[in-house]
Amino acid sequence: MQELRLLCLVVLVGLAQACPEPCECGEKYGFHIADCAYRDLQAVPSGFPANVTTLSLSANQLPSLPGGAFREVPRLQSLWLAHNEIRSVAAGALASLSQLKSLDLSHNLISDFAWSDLHSLSALQLLKMDSNELTFIPRDAFRSLRALRSLQLNHNRLHTLAEGTFAPLTALSHLQINDNPFDCTCGIVWFKTWALTTAVSIPEQDNITCTSPHVLKGTRLNRLLPLPCSAPSVQLTYQPSQDGAELRPGFVLALHCDVDGQPAPQLHWHIQTPGGTVEITSPNVGADGRALPGVLAASSRPRFQAFANGSLLIPDFGKLEEGTYSCLATNELGSAESSVNVALATPGEGGEDALGRRFQGKAAEGKVCYTVDNEVQPSGPEDNVVIIYLSRARGPEAAATAEGVPGKQPPGLLLLGQSLLFLFLASF
């Protein structure tokens, strides 16, 4: 018995000797505890014994948590960091703590948080992040926290929540999320429905209120009236040349993205050409086709002209403009996308066959396209191909500018029969 006591004393002395200044280390109820609270620390100390299971750094002056801050203590089960001055938690600061069960980051100034670190904390049961400056939580932030029972997010600056944020938390029994400045728009409607039907305890619901829009300020979320909301939908139409039409230099291709949704979706164009990828947040030009103030362009008329009504014009369409044109619409409820492949071919040179081979991204699945009466007939929903034929009979001619009165075809651009260059612009 005396030998056992001596062994325990040696272990405790060794633990105490390994404890960094000015912390105190010891064992209590089978837990190896390192107490560094109220020490005016401005950085996480180093030199902890590897078997520490509880670490308290509360009530210090820590400004941030750098990557690898707790690499020395991989067996931590409880980490207390409340009442510091932490503004940022870097990627890798917490990722090594796979055995962590309790994490308290409350009463700090955190606005920059490495949410991906939570993916490694599958044993976590308590997460306190209340009283910080958080403005956003990624949809997949809690995807690995299936053991989490209590989550505190109250008194932050959260304006909205992505639908499904709490779905992975199958063990959750307590959620505190009051006193956040929620925008009571379509993006928050799902949370109202979830909060009214879930078995999770959500205290202080009288303080889960709207901050905006102004007419709803102060309204309790659980009393919010139904809102007219719908996810985006898109329909992409185009006005290419008729098969065999004679094209002159300066040909303009017109695409139109018809967008629907509530709230009104934001339109974005994604263009993949042989020269690279082009991203355009619509619009980038005014009604006259000239670049809007603040838009970076090589000239006053951008190569790709995105108008506010959903039309996209490509002046001087040529081989460099071949590729895939996609319009994407996004609002608070989701996104939708539609694409079309556009290519040039020269009659008599096997152009159609070559283009067919070029855009067989789904050929292995039996999804190909063919043209009938100048309309694309896709046999698969993803693959639309517009084939534009160039004439070899004429020499180069000067391209006309794209200006003109809507409803009248600018001269010298394209022989389209009854088709009008500004068909799309004039229709809206």
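Keep in mind that glycine also has a Cβ here, set from the backbone N, Cα and C atoms.
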Point to revise | As recorded in Swiss-Prot, which of CYS229, CYS257 forms the disulphide with CYS327 | key: CYS257
Exercise for review: Given the candidates ASN51, ASN207, specify the residue that Swiss-Prot annotates with N-linked glycosylation site.
Suggested key: ASN51
Review point. Rounded to the nearest angstrom, how far is the Cα of ASN309 (N-linked glycosylation site) from the Cα of ASN51 (N-linked glycosylation site)?
Key: 64
Check your understanding: Near the repeat 'LRR 4' (123-144), which residues from the same chain, at least 6 beyond its ends, have a CB less than 8 A from one of its CBs?
Key -> 77, 82, 87, 98-111, 113, 115, 150-159, 161-166, 168-169, 171, 176
Check your understanding: What Cα-Cα separation, expressed in whole Å, is found between CYS257 (disulfide bond) and ASN309 (N-linked glycosylation site)?
Key -> 8
Practice item. Let me know the most crowded of the glycosylation sites, choosing from ASN51, ASN309 and counting other Cβ atoms within 10 Å. Key: ASN309
Point to revise | Residues that sit under 8 angstroms from CYS327 (disulfide bond) by C-beta distance, when 6+ apart in the chain | key: VAL234, LEU236, LEU255, CYS257, VAL259, LEU267, HIS268, TRP269, HIS270, GLY310, LEU312, GLU337, SER338, SER339
Practice item. State the non-local partners of the domain 'LRRNT' (19-50) in its own chain: residues 6+ outside its ends, Cβ under 8 Å from one of its Cβ atoms. Key: 12, 56-63, 65-66, 69-70, 72-75, 77-78, 80
